[in-house]
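Participant: I am attaching a structure below and will ask some questions about it afterwards.
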Amino acid sequence: MKGISLFFSFSLFVIVSCIREEAESASQAKNDDIYIVYMGAAASSNGGTRNDQMQLVSSLIKRNKNTVVHSYKNGFSGFAARLSEAEAQSIAQRPGVVSVFPDPVLQLHTTRSWDFLKYQTVDETNSSPSSGSDSSPNGADTIIGILDTGIWPESKSFNDKGMGPIPARWKGTCMDGHDFGASKCNKKIVGARFYEEFDGRGTKMAGSARDENGHGTHVASTAAGSPVAGASYYGLAAGTAKGGSPGSRIAVYRVCTSNGCRGSAIMKAFDDAIADGVDVLSLSLGSSPGFEELSKNPIAIGAFHAVEKGIVVVCSAGNSGPDPKTVVNTAPWILTVAATTIDRDFETDIILGGNKLVKGGGINFGNMTKSAVYPLIQGYSAKLNKRITEEEARGCVPDSLDKNKVKGKIVVCENLQNDGFSPSDRLLEVKSRGGVGFILIDDDLRTVAPKFESFPAAAVSRKDGTEIISYIKSTRKSKFLKSPTLDNGKPNRHANPTKRPRNPVASILPTVSTTKYKPAPVVPYFSSRGPAGNTPNLLKPDITAPGVTILAAWPGNKQPMFNILSGTSMSCPHVSGIAATVKAQNPTWGPSTIKSAIMTTAIQTNNLKAPITTNFGSKATPYDIGAGEASTSGPLKPGLVYATDVADYLHFLCSVGYDISKIKLISSTVPKDFSCPKHSSSELVSNMNYPSIAISGLKKYKTKKVTRTVTNVGEEASVYIAIVEAPTGLRVQVIPSKLEFTNKNKKLSYEVSFRASSTTKEDMFGSITWTNGKYKVRSPFVVSNSG
């Protein structure tokens, strides 16, 4: 009995101790935040762990076995761990540590598009002998890594019919997870990884590479989806959906969950992807504008090491436009992509009394009659009470409308700036008050085709909105448009009261999709704009591509199997697909060469043969579109390329404040004779061998010079002539103005001098184009007197 009592007491002690240990561990996890400890270059190319990293990790694990969340060792060194602020500060002072920073949460930047790009390329002056050709290798056997919300493997866009064996160089894996077994991978989806999510107690949650959001599936199919005939969104935009590089394989890295995209998971995905053997990495996500400090930016850090290993990294520019200095993912080793429209329009016709037609936009599947019989009012006419301002009622903000005045009517609302309410808030206000239709006046939304589903609704431009309001006001002026009798009592032969009713009426028809819409492309309001706030001497974004109303694959086994989304999230995979295709045809080309090929062959005109514009009607500048809209075939044979080497990137690191000791920690390829100049400045950035040029601080009557080197990848014996386009008040001189290449002389340099002859507060834009009659190699430039 005594033995039983002792055994029971001991067991109780063990249980209580375990509970206390778990509670302490949970409490510790709750109190400590996740920090990323970045330690620079990896120990070697074989995935070994550096000794100083092992010592740090071991000391932390001794304290708590669950402290370390991720360990990085393939492409770079470091780890993510749960630390107190004091521990983080202490580790930051240790030798071998580059930076320690809190784990940031980044956000997603949420078949016709490819056809439009090819049409644009064909329509452009012949800058490439293969323009419009479908003879390109379509990315055969290149591997695109997608860092996103996962993938829906059952989608037809990911079938592997006709694909050959998986390339032997592929070293990745297909992880087993919740509702996603390893068998879900195939010759198209060659790898799938996910990264653990933790609850508030620090406990691991069930993980999976399966996409429950849709964003990752849409992005992956845009980049490399297999052709799928009969794709549509409930019958709209019907046709064949396919990715830009249908021959490419897809490797999925699920780094985003419903809680956002953790920086620590993003860095782990970069680390894995480098070891797995991808050729291109596509990231349709990023930080908010202003969070671009290099040493604390997980995308910039991961991308640097990926590019060092020969991987092209393509990132979205962000959706914070149209304000300046909103572009993100601006590191020079990243290919940064803005967004533009395509020539497809989702047209929603509005029929006014008298059969007047107004072409609106948006997507609705309503069932109103084709005749204008529904009463039409402005929001302010249905104001709830005196406490509601006219502006609130005009905007149809929540709780602003009187149901007795709205019931049975179509309501015209206005998106008044900065009132904080979304289009869905306004629609719900109309619908909940008994309205039968909704017209929103909003230039921005007219461009991006918002979804209204089954409710009859449309978005119209300010111009068309003014026309609708004028119609409403004109029909209220009198009970009859023409009196049926004259003052003397005789019939009025001009009267025709049935031609237009005395009260305003309208009907909103179901949406139809149309093509060959003009002008296109157009820069939408949301696309983030340059200049790069942290590096004025680096022109960003680099390029633009279709990112508005893009049809691509969607999760689920029922309709819709495809969905329509807008954002730089959608433009990014377009360029990733092009990069994979270029890599397939030119396997020895490095990331900067491929970037140069895409940028220097870009298109600057729309389908009206006029310069690309913004949705405000102004001419787009390089701050809006970078070098221009990406071409599908031009980059395959660019003529000349700008190869940005490691020393260029290292000088960039010097210019942003890194000293040589930190740079040697970061890069494993620092030349032996490399050193930072005594007075590092932004001028170093201007002199990087980049495909675009940015100059700041140019004062009146002063001159600044930059040097560039081009490599001939076309015919060996070629002569190129420089053509300069410069604005008034800026003198631009290229020396020499002629470059003669031979079979022995494939690299030549030139100098560009910029001299301001007048003072202006506006930044000045232009371009330098080298041409041999067959190829046109264009570099945009921007010159500012500030900075």
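Cβ from N, Cα, C; glycine included.
The feature active site, charge relay system is assigned by TrEMBL to Asp148, His215, Ser569. If you look up TrEMBL, you'll see 491-502 marked as compositional bias 'Basic residues'. The domain 'Inhibitor I9' feature in TrEMBL is assigned to 35-109. Feature annotation from TrEMBL assigns domain 'Peptidase S8/S53' to 139-613. Taken from TrEMBL, the feature domain 'PA' applies to 392-468. For 687-783, the entry in TrEMBL reads domain 'Subtilisin-like protease fibronectin type-III'. Annotation source TrEMBL lists region 'Disordered' at 481-505. Here TrEMBL flags 1-18 as signal peptide.
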Participant: Can you give me the Cα-Cα distance between Asp148 (active site, charge relay system) and Ser569 (active site, charge relay system) in Å, rounded to a whole number?
Facilitator: 10
Participant: If you measure Ser569 (active site, charge relay system) to His215 (active site, charge relay system) at Cα, how many Å is it?
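Facilitator: Each residue's Cα considered, Ser569 (active site, charge relay system) and His215 (active site, charge relay system) end up 8 Å apart.
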Participant: Using Cβ atoms only, which residues of the same chain lie under 8 Å from His215 (active site, charge relay system) while being at least 6 residues apart in sequence?
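Facilitator: Result: Leu108, Thr110, Asp148, Thr149, Cys256, Ser284, Leu565, Ser569.
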Participant: Using DSSP, what is the helix/strand/coil residue split across the domain 'PA' (392-468)?
Facilitator: 30 helix, 18 strand, 29 coil
Participant: Over the span of the domain 'Inhibitor I9' (35-109), count residues by DSSP class, listing helix, strand and coil in order.
Facilitator: 21 helix, 28 strand, 26 coil
Participant: Per DSSP, what is the residue count of the domain 'Subtilisin-like protease fibronectin type-III' (687-783) in each of helix, strand and coil?
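Facilitator: Once the DSSP states are binned, the domain 'Subtilisin-like protease fibronectin type-III' (687-783) shows 0 helix, 58 strand, 39 coil.
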